[in-house]
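Enquirer: Take this structure, written in structure tokens, and hold onto it; I'll ask about it next.
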Amino acid sequence: MEMRNTTPDFILLGLFNHTRAHQVLFMMLLATVLTSLFSNALMILLIHWDHRLHRPMYFLLSQLSLMDMMLVSTTVPKMAADYLTGNKAISRAGCGVQIFFLPTLGGGECFLLAAMAYDRYAAVCHPLRYPTLMSWQLCLRMTMSSWLLGAADGLLQAVATLSFPYCGAHEIDHFFCEAPVLVRLACADTSVFENAMYICCVLMLLVPFSLILSSYGLILAAVLLMRSTEARKKAFATCSSHVAVVGLFYGAGIFTYMRPKSHRSTNHDKVVSAFYTMFTPLLNPLIYSVRNSEVKEALKRWLGTCVNLKHQQNEAHRSR
């Protein structure tokens, strides 16, 4: 009979050890995360500050940046604190919080990316009807639905995962609490939960991904009909980069949540999880925003305003 551990805590074994190579990787990862937080925060600031960006497309981008910032903040602070202090314990409640927020934000982002693909389809394929096809009311509904559907998935995963009894040393070979990893420690039959989670993943991952591919397929068909070679190249480059980032994000999610149990590897899980929780949030603002000419112009205007304000403050200080 398997012994059940009565301690309320779990132990996160982490992503890094204390070798020189891993210390360098840890510092590089922190730099990546800080860059990601800064770039996403800047995106939200610009969209809020510049009235020219007060359009559905940029509102969706601001929500994507907010989700990315929250996704990074859910996992990295705890991971960094564990590595620096050596205290790798996490309470059952803390584990539940991570399990809730990861599907909430990851699932919400899946639906939000589908909404953004629809927005691009409406703008490219039906530019004259765009205000009707992508009204503010529809934009807000899609955004709210993305958050609520993600939260529903997160709540179900957190409640179901923490309802199982856990055995052994409560050691989680990961750097944060994730449902597919945690249920491996359960000393109970988890097959019903795993089947339910697979069905959820079909709805949360494959359905939005199919909608995105369909939208970009229609966009590509419209792009090929453009008369201007330069416009065609620009649109194709933009669409291909969007599809590449979307494919990486969904691919990581499908690999983590829909892979057969017999093919699971803790090392692979950690690498893929690090990618979609830390590196994808950095790629999103770079691909969706920084390459956008309107965002670049907004950034120039904002920097110019900051310089002028600083100059005025210096002049006022000198006149005293």
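All residue numbers here begin at 1 and follow the chain in the order shown.
Just so it is clear, glycine is given a Cβ too, placed from its N, Cα and C backbone atoms.
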Enquirer: Same side of the membrane for ASP50 and CYS95, as recorded in Swiss-Prot?
Expert: no
Enquirer: State the residue range annotated as transmembrane segment by Swiss-Prot; the candidates are 56-77, 298-319.
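Expert: Checking Swiss-Prot against the ranges 56-77, 298-319, the transmembrane segment one is 56-77.
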Enquirer: Rounded to an integer, what is the Cα-Cα distance in Å between CYS187 (disulfide bond) and ASN17 (N-linked glycosylation site)?
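Expert: Given the Cα positions, CYS187 (disulfide bond) is 29 Å from ASN17 (N-linked glycosylation site).
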Enquirer: Looking at the transmembrane segment (271-290) and the transmembrane segment (24-47), are there 3+ C-beta pairs under 8 A, with each pair at least 6 apart in sequence?
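Expert: Yes, the transmembrane segment (271-290) and the transmembrane segment (24-47) are in contact.
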Enquirer: Tell me, if you would, which residue among CYS95, CYS187 (disulfide-bonded residues) has the fewest other CB atoms within 10 Å in the structure shown?
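Expert: Relative to the other disulfide-bonded residues in CYS95, CYS187, CYS187 has the fewest Cβ atoms within 10 Å.
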Enquirer: Between CYS95 (disulfide bond) and ASN17 (N-linked glycosylation site), how far is it from one CA atom to the other, in Å?
Expert: 22
Enquirer: If you average pLDDT over the topological domain 'Cytoplasmic' (218-234), what do you get?
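Expert: Mean pLDDT, the topological domain 'Cytoplasmic' (218-234): 80.
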Enquirer: Looking at the stretches 24-47, 99-118, 194-217, 235-257, which one shares the most CB pairs under 8 Å with the transmembrane segment (138-156)?
Expert: 99-118
